Amino acid sequence: MSNRRETRAQAQQFIDNLKPLQHPNSEKVYLEGSRPDLKVGMRQIHQSDTLVAGDEANPVFEANPPLKVYDCAGAYSDPDANIDVRKGLEKFRENWIEERGDTVQLTSASSGFTQQRLADDGLDHLRFESLLPPRRAKEGKRVTQLHYARQGIITPEMEYIAIRENMAKSEVTDPILTQKDKGESFGAVIGEPITAEFVRQEIARGRAIIPLNINHPEAEPMIIGRNFLVKVNANIGNSAVTSSIEEEVEKLVWSTRWGADTVMDLSTGRYIHETREWIIRNSPVPIGTVPIYQALEKVNGVAEDLNWETFRDTLIEQAEQGVDYFTIHAGVLLRYVPMTAKRLTGIVSRGGSIMAKWCLSHHKENFLYEHFREICEICAAYDVSLSLGDGMRPGSIADANDEAQFSELETLGKLVKVAWEYDVQTIIEGPGHIPMNLIKENMDKQLEVCDEAPFYTLGPQTTDIAPGYDHFTSGIGAAMIAWYGCAMLCYVTPKEHLGLPNKDDVKQGLIAYKIAAHAGDVAKGHPSAQIRDNALSKARFEFRWEDQYNLGLDPETARAYHDESLPQESAKVAHFCSMCGPKFCSMKITQEVRDYAAAQEREAEARVIDIKSATEYDSYTGSESDTAKRASQREQGMAQMSAEFKAKGAELYHEASHKQPDVALED
């Protein structure tokens, strides 16, 4: 069997046998809102107890409470869920959409292309089985979360998000876990706690978006904005030369397991329409696309043959399938294209290069720019958010922050205000390849010219010397720009610039970017961010190895690394690791120092009482003989302590009476 067939067969087997999967020592829990159908899924990590006193025969333990953390996996982490990818996930938002009374269910698809695909019997074997008629806004209505927010309406989606973003912080009372630095937010103002009204205000202001198409009721509400947790997007999608529907569905599920807040389907090969349907129906997270990719497929890959009619039909096709946000390269203007001629790497954005070629071949203005108001009308009818693409982003650090990049950014700033006229939720895409010293300029300029609309960046990549490790080179920039105010980070995998990522690449990219996002949250002072850090640090100091693994982003890898050098089960309770060993473990020594210091403090208090009594008996007169007497007493005391030290073996540290005995490792 060829590698391609084997990979596809493995993906098919994954789908056929798909069951909910939980991380170690975790369970799915639900926090209830103000109505019975509003239940917010979280992952609850259980911890072991801490030994605080007693001896081996009578130990005294202190409980460590379970910790609730953000969970992107939806039903895929709920053991009670009935998973069937051929039927899709539960449409739990359907009732919320229907009860608003501002949408209508269509009798058939509006897109001509969709109608052609449905009429093609040759596609039956690829088609998703449980198709439902699409919805759109009633005539004269706008059904976007931005529209509701501006009307002062708090939707169930907004309440859901408020509960989710707080991560049950109110349940954490241990000051060891709640301690945090105030952070440096660079102007961001984060609610504490985050309320549904705060969510509504941020949406109404345009500083945040809730990307939820009315035709994607399976998606769990989430928010993208600088005053909330930094989010991470994962890219998947087939190409003309590799991957399949089965593999992309597998990557979707895999992405949500490892923390993808949104997923972009960047498919460019055959069966784009069918692949997307399978992905959306099985996705608990918002799905984004770049519609120009499919429009190009419809004109046989000839950029010059693109036209507004084909693109418009593609927007409607995807909106009625349930795509939650579109990347639109409407800022690539004809006059900006010559600015890229002196660049080292030219135009590296696929969508940007397509539109640049169209503009030059016709010597006309970008038709996406010319028809932008019509694009907004379509989005307002389905609540599709816009992600204004950075077609002029730099593809090397040599091209960073140049005239072409910032000219486009200023155009995007104007377009976001047009989108807001139509109550269309909008974010701005950013670079790219930017050295560390130029990253903050990008963030500051975006906030200024785009009126604080959420920023969504690819990295940025801080150096160009490490193909195969660009999840590192870009993770550095991602952490920095997340701190400065970026709302969502698009992950980069080890395969960036080299090939299409597989499952493991997706995981590696996501872990790198979840680290970057979390580091940004901690640095800007998000109220709930540092609790998990503190819990893991406490577990580490107390040698609770299993808790260290389970509180981390990737428990399996942490456990595997530990077991490489200390595979014995007894090592899971040992008070050292293989890095320093039992004699030089800094945390073990620190614990002994604390115990020794506490014992000395108790002894000192007792001696102070004795000295005070003696002094009162033999009152101080200030004479030279008394001074000499006190000096002699001090010397005698020091000599006594020296003798005691030697008598106890001349060891620097001694075992504390309540310390758990060392465990002898098996050979």
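Any Cβ shown, glycine's included, is placed from N, Cα and C.
Residues or ranges marked as substrate binding site in Swiss-Prot (evidence: sequence analysis): ASN235, MET264, TYR293, HIS329, SER349, ARG350, GLY351, ASP390, GLY391, MET392, ARG393, GLU429, TYR456. According to DSSP, TYR456 (substrate binding site) is assigned to a strand segment.
Just so you know, the Cβ of HIS497 (Zn(2+) binding site) picks up 12 other Cβ atoms within 10 Å once every protein chain is counted. Under the three-state DSSP scheme, HIS497 (Zn(2+) binding site) falls in the coil class. Residues or ranges marked as Zn(2+) binding site by Swiss-Prot on the basis of sequence analysis: HIS433, HIS497.
Here Swiss-Prot flags CYS577, CYS580, CYS585 as [4Fe-4S] cluster binding site.
The region 'Disordered' annotation in Swiss-Prot covers 618-642.
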Local Cβ density at ARG393 (substrate binding site) - other Cβ atoms counted within 10 Å:
26
Between ARG393 (substrate binding site) and HIS497 (Zn(2+) binding site), what C-alpha distance do you get in Å?
15
Three-class DSSP secondary structure - ASN235 (substrate binding site):
strand
In whole Å, could you give the widest CA to CA gap in the substrate site formed by ASN235, MET264, TYR293, HIS329, SER349, ARG350, GLY351, ASP390, GLY391, MET392, ARG393, GLU429, TYR456?
20
If one measures from the C-alpha of TYR456 (substrate binding site) to the C-alpha of HIS433 (Zn(2+) binding site), what distance in angstrom results, rounded to a whole number?
14
Under a three-state reduction of DSSP output, how is HIS433 (Zn(2+) binding site) classified: helix, strand, or coil?
strand
Where among the binding-site residues TYR293, TYR456 do you find the Cβ with the fewest other Cβ atoms within 10 Å?
TYR293
Mind telling me which of the binding-site residues GLY351, GLY391 has the densest Cβ neighbourhood, counting other Cβ atoms within 10 Å?
GLY391
DSSP three-state call for GLY391 (substrate binding site): helix, strand or coil?
coil
